[in-house]
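K.L.:
Questions regarding the structure given below will be posed in turn.
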């Protein structure tokens, strides 16, 4: 075998080894979730179940179902709103610029990196106040949580759309202007029709981060509006819940984002790359 | 006047977002600092709290728990950032020349990114169970099967290096992302450049040292920034793996208990302000650097 050939086999071998390591948690999740209680002793920890049962899944689903529903109520409208705001901002900041647009953009970007702990205490207070002023049930409920996610999602959504729109030739916009079309008309008939991929990236990105969020949810929601992550954490944190149910609940809470990842991983990747700025 | 007519609609369209970011990001950050500078240590009482300057920022250092959580955060950051950077780089390095089934490998290394820390925390708590010997489950049991009993330890319950164990799931979750960043970086090096270096008499190793690694510097910096700011605010993972135990306390969990258990807004805000400052110190130069690079 040539040296280059041997090197290729070594690389492939190492990559396969890492695949095995990466999949260990998945094996544990699946195997444990199908085990009956009688097989819950440490000696059989890594064994396949001798009797496969979906009992743990049934119980986990019963406990988790309201949380899953809440997460959908949060993540679907939230990601659509984020995309709408992001596309408008991205369009203006790339194609219909005003003096100081770059400064505004940089100030937006900073919002992407701040640790949200830094706004959490006043945010709770603000939600309470806003709720009082407008007679809305913002604090403790899904609408308030959605609002928070949409607002703090503005930076990344703007960034993704802006970087996408930069690739549209300026001549196209100029031509539309010369034809007498205003800003909104140009947006509607020239820019929006080619925005499909950017919408996919942003919606997937926002859906995933809203679905997976825990920090905002624990600060801003109460028991009836807890999303899946908070409910899962409560299930898993209880000493009395058997491992099989915890694992089944963890899988259930991850299915929607996993489905998105498997079907639309390409767009998910692009969102990730945008998160690294121009890296 | 006509020029104003030209850009004003754009400003109007963005203005809702400008107001929202202004209020929710900058306004609330300022408000948080204001709370941190008061003596409002009781949430229930309706008193607004007196201005005490930086007193809270100084007095918190005399608390053992704060010192502990800072130490934990540092250990976690070093192991997590270092681990994810090295593993992500290695995976990208192994793949960069193209390998059969690359799409599959990438999909597997990256999938943890799509799952919440809360969900992965459930399984990692099991894997990192601290029981050893007969009662061992999780990785300690696996080590036993592999004849590596000496590797069995307390994981995140180890009083000294528990936070290093806490970084393991974080490395597992994030190194695929770092791999993707580095892979894009490797692929961004033009083939002609490598070819030119070879023609000039560089061997493969020198091509890496002299040509490719220097060109990966911007990617490495981005990766460091991303990992660093995730690390300093880590919260979900710690809660999912060990809950509120002091043994794995980090500033973010300390803040959480200050707000919800101790009902002390001023202390919570002080901790939050420290978390923000620790991130701002390196994010602001990075953003300025990035903006300059973009304008070139």
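Note: Cβ is positioned from N, Cα and C throughout, glycine not excepted.
Sharing the record's features from TrEMBL:
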type	residues	note
TRANSMEM	A:12-34	transmembrane segment
TRANSMEM	A:68-91	transmembrane segment
DOMAIN	A:68-264	domain 'ABC transmembrane type-1'
TRANSMEM	A:103-124	transmembrane segment
TRANSMEM	A:144-165	transmembrane segment
TRANSMEM	A:186-208	transmembrane segment
TRANSMEM	A:214-236	transmembrane segment
TRANSMEM	A:248-269	transmembrane segment
K.L.:
Which one, A:103-124, A:144-165, A:186-208, A:214-236, A:248-269, has the most C-beta pairs under 8 Å toward the transmembrane segment (A:12-34)?
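P.N.:
It is A:248-269 that shares the most Cβ pairs under 8 Å with the transmembrane segment (A:12-34).
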K.L.:
Where, among A:68-91, A:144-165, A:186-208, A:214-236, do we find the most CB pairs under 8 A to the transmembrane segment (A:248-269)?
P.N.:
A:186-208
K.L.:
Given the transmembrane segment (A:68-91), which of the listed stretches A:144-165, A:186-208, A:214-236 has the most Cβ pairs that are under 8 Å apart from it?
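P.N.:
Going through each listed stretch, the top one turns out to be A:144-165.
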